[in-house]
């Protein structure tokens, strides 16, 4: 071989490459050369059987090579990488592949087998085909050998099959590395387990070891695992026990170690999967079999913790044939489940934030609300710092298990006082690392002699001193490699999960690994990933006041990781990590640049812009379930580029839909229909889809194209959403529903973070306490429930009302809770004790809303008896009864300064009252159906109201002017609430969704406030006119999109507009039965043409400019002298409404389409009907002549377009393919293309010569009412019931075909 391979190219392999022999060789080589080695350090070598094994089966060398497989796998330090080509050959059906996987698991454990599945379906295929006995081999002797080896290594073939299936299905997180490290740290410590044994004997369900930072809580967890049932693969320990080790009756069956630095370890679903995997290995009687009956694809995509607990724990436990007397689960370091922002740099004496995070600790929520409900024989051991969950960790565990069912211990209770190191335990491990360094520097002299004397009771300050000593020595030894070492430490600190050494080598940091401070104690590798000694190291590194010159540049770590992951996410060795955190790392890096005052976009910013506009990336992120991470990362940036802001707004609004899209192409197409045209998301969609036509402008335009857009749509409730409330810090939104649940949503990402259940009927109201520690809910079950905000637990059920509880609210001082009920009373409750302090009677019907004034001295209530009552909060006396509404008062709210009270009523009005005098100061009208909710912004300047008309309205609280109407809900809007900063408005609806709106930037735009019914271009194409149901005509600059004039005068909706051939006059027809003529230059009405007896539905100028035609609901067509406004003829012939009129280009023929299903052709000069065109089966909506006048197009309710020969009156073609009513048609100026507008919100383009549909434009959200080509044919305008006008430009390249429509005979 030496003559073919250079000696320097031969090295001990890091990876064993496993593949099926039937796989494509090209796939194997491409993976190794293009994906793996191109990113790896130069010293990385791999072992490939086709190159390393003698292929001559008759030789001894071949037998030797085959026999050495297991030994080769052992020396491959990185484990085994499986290269799969499942379509060609499923590797789990091949005997040698199974043998390689078995040997890998035996040699390297769970973390040594690297499998990357390209899809959920591929994972399912591999898992469900694992069966070692059925695996194929070319030779029977090989099969027998493989089966024998598997049984020797794993006990039995069935046991191996089950373990491998469950590993690939559940992807458990191994804690072996934790045990080995922690047991090593426990050396020299003497443990006494008397108190532990007493707890075991007590029958209490939960034990919690509570101590401060570095007190050895996690070490105790490892010791309990080792003492109770072996060390779980963790290796031995020289620890000793002052009492006998625990008996088998207290075996720890499954354990999980939370890690602040490993996001996987704090994910509730991953916790459940890991516990389930361990229980399957330890419990007999069918637990594993029950798990294996689960659908692999469903388990792989599982995100709901309740579902995970039910399917992976509850069901298998219920199916146990002979349940054990006790199953013991251990969860270590609950405090490390707190939000990372509250941990890093906080130290041991971190102060409590102003508002404790709502459900900030997901692991604690999992325990209290899911795991605690497991069968009573399942018992728990926890460790935690006492300040976890805002200090609520112990109270919440007490509620979950009962005060009598929870026992707490101090770490000192489990350590023998004599012979054991005292103080903070991690100090002794850090000192060992420092001593090793000192010994090496002193060339063999004892390292302890080089260090200051150890304190008797070391504290965290002493630990930090050891860290400083270790890092100082490491940087001194690094020399020129110090910058690389600093980058490596930054990357390790910034990483969201422990990184593999191979990936760090791919980052170019491989040479610095050996230089890590205190390695292998402070930093160490285990199961192919790099870990650090203790959480205190992260605290020290990220707090410059402690670490000084060794403070880590975490943001540099984010830059390195983010840019590399963005470039390699398709081929990265840990693709899921790349999909999960690429945007997070880049966003952190960009935020740092912004904080540093960088004016120009840095490299990280440019990379982030490109990444978030890559629909392939976004689609893979959505498929992996990580869109909420992208949204959270982008939302946390202090400043945005246009791409990051646009993507943030788009993803928040479209997250649910984006997650359902099956491909990157469909996701980009969704961007075309949902992103405003001026945004980078829309432009990226155009680049990805290359549509034949794309929107250039959407009218009205705005400086902020998102200003009228919904920020987020949150789906999850299965029934009406009745009430919503923001937490005082604005980070969480609560919603209550008729589905009997309260949902808590992360306001930044729109993701549901918890579902609170307990009420037996629908929940009408939800409220946060002002200090953010409690929630209250009122229900149709006549009760009020109080919930702990930190844990999500119900702390009290308040009973006393005799009918539905409609409303709840806390007093400003949090001491009192008020509730209103269908029993016509208001009750005041002591929020601490739950005792009813007063019942306020006086209303004669349902109390539907209550509100406290800001100082808490007064309470207002609104009732079905049409009144508002004011009450003295202290005495309960009614101070005033406010009358004025004509129907039930459904909502009341005080202004922040307490001077104004607002009420919303079923009489469709909002009324403002002077809180002191009780006088009504204003009545706001606008809603067309009942006003269900009202709310003031924090500054009191804006008032929001929601109604049964499916809208939310924003009002200027001083002037009473409606400044915006927010539309998007598809059913009644029952609740509104402002965020504490007033920037966001939330709404809940009977459509089962919660929506977030940008309340700060939403303002009345210069656009139509009702559906657009008609559009028309001026002859020179520079101006576009639109008519709307809002009674106005607007003129728009067709280049800029600016509204240049609004023509008002009609007393009812405008149905049609047309501009004269010379461009000086505009005609409009209205539901007020008139036609108006307008001077387009001055925007002045020059004439009102009266004569029609019903609404005017269409107008058209004769190309000669002298005559105007109008069609009406009175079944007639009228001709008017355009100069004088005199009616020159009335054309009768239709038997129903005339929907459309059009002149031929030569002006000699007039066509009219009617609700009577016919098209009539008229001689324009004489007014005589020359032809009746019949064929449509339903009413005609629109008619249009081709430029040469030889063809007439008509569109109909029958979902077809017909083309007619105007000379013969014969139908020459029927354009079919529409699935909705066709509202309008228009020919392009060159006559080659016909456009049709549809009730489904689309515009379709047809090749006139072939009748083929060449393009479908999807971007309107509601039906398209009118279309028009610009005179040069390069722009198409469409008006819609979504109140917008879109200007579409043709693509520069050839139009893409769309064969959905076809040409049919007549």
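Each Cβ is built from the backbone N, Cα and C atoms, and glycine gets one as well.
The domain 'Nephrocystin 3-like N-terminal' annotation in TrEMBL covers 191-338.
Residues 306, 354-355, 357-359, 362, 365, 369, 628-629, 631-632, 635-636, 652, 655-656, 761-768, 770-772, 775, 777, 779, 787, 789, 792, 974-981, 984, 986-990, 992-996 of the same chain, all 6+ positions outside the repeat 'WD' (714-755), place their C-beta atoms under 8 angstroms from a C-beta of that stretch. Look at TrEMBL and you will find 714-755 (among others) tagged as repeat 'WD'.
The annotation repeat 'WD' is assigned in TrEMBL to 756-797 (among others). With DSSP classes pooled into helix, strand and coil, the tally for the repeat 'WD' (756-797) is 0 helix, 24 strand, 18 coil.
Listed by sequence, the residues of this chain that lie at least six past the ends of the repeat 'WD' (798-839) yet keep a Cβ under 8 A from its Cβ atoms are 764-771, 773-774, 776-780, 782-786, 845-852, 854-856, 859, 861, 863, 865, 871, 873, 876. Annotation comment: TrEMBL describes 798-839 (among others) as repeat 'WD'.
For 840-881 (among others), the entry in TrEMBL reads repeat 'WD'. Residues 803-804, 806-813, 816, 818-822, 824-828, 887-894, 896-898, 901, 903-905, 913, 915, 918 of the same chain sit 6 or more residues outside the repeat 'WD' (840-881) yet have a Cβ under 8 Å from a Cβ within it.
Look at TrEMBL and you will find 882-923 (among others) tagged as repeat 'WD'. Distant neighbours of the repeat 'WD' (882-923): 845-846, 848-855, 858, 860-870, 929-936, 938-940, 943, 945, 947, 955, 957, 960; these residues of the same chain sit at least 6 beyond its ends, with a Cβ under 8 Å from one of its Cβ atoms.
Outside the repeat 'WD' (924-965), and at least 6 residues removed from its termini, the chain residues within Cβ reach (under 8 Å) are 708, 887, 890-897, 900, 902-912, 971-978, 980-982, 985, 987, 989, 997, 999, 1002-1004, 1009. Feature annotation from TrEMBL assigns repeat 'WD' to 924-965 (among others).
TrEMBL lists 966-1007 (among others) with the feature repeat 'WD'. The average pLDDT computed over the repeat 'WD' (966-1007) stands at 88.
Annotation source TrEMBL lists repeat 'WD' at 1047-1088 (among others).
Residues or ranges marked as repeat 'WD' by TrEMBL: 1089-1130 (among others).
Listed as Cβ neighbours of the repeat 'WD' (1173-1214) (distance under 8 Å, sequence separation of 6 or more from its ends, same chain) are residues 1136-1137, 1139-1146, 1149, 1151-1161, 1220-1227, 1229-1231, 1234, 1236, 1246, 1248, 1251, 1303-1306. The repeat 'WD' annotation in TrEMBL covers 1173-1214 (among others).
The annotation repeat 'WD' is assigned in TrEMBL to 1215-1256 (among others). In the repeat 'WD' (1215-1256), helix, strand and coil residues by DSSP number 0 helix, 23 strand, 19 coil.
Taken from TrEMBL, the feature repeat 'WD' covers 1257-1298 (among others). Counting same-chain residues at least six beyond the ends of the repeat 'WD' (1257-1298), those with a Cβ under 8 angstroms from any Cβ of the stretch are 669, 672-673, 677, 690-700, 1007-1017, 1019-1021, 1024, 1026, 1028, 1036, 1038, 1041, 1220-1221, 1223-1230, 1233, 1235-1245.
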Short question: which residues 6 or more past the ends of the repeat 'WD' (966-1007) have a Cβ under 8 Å from it? 652, 699-700, 702, 704, 706-715, 717-726, 728-730, 733, 735, 737, 743, 745, 747, 750, 929, 932-939, 942, 944-954, 1034, 1043, 1046, 1283-1284
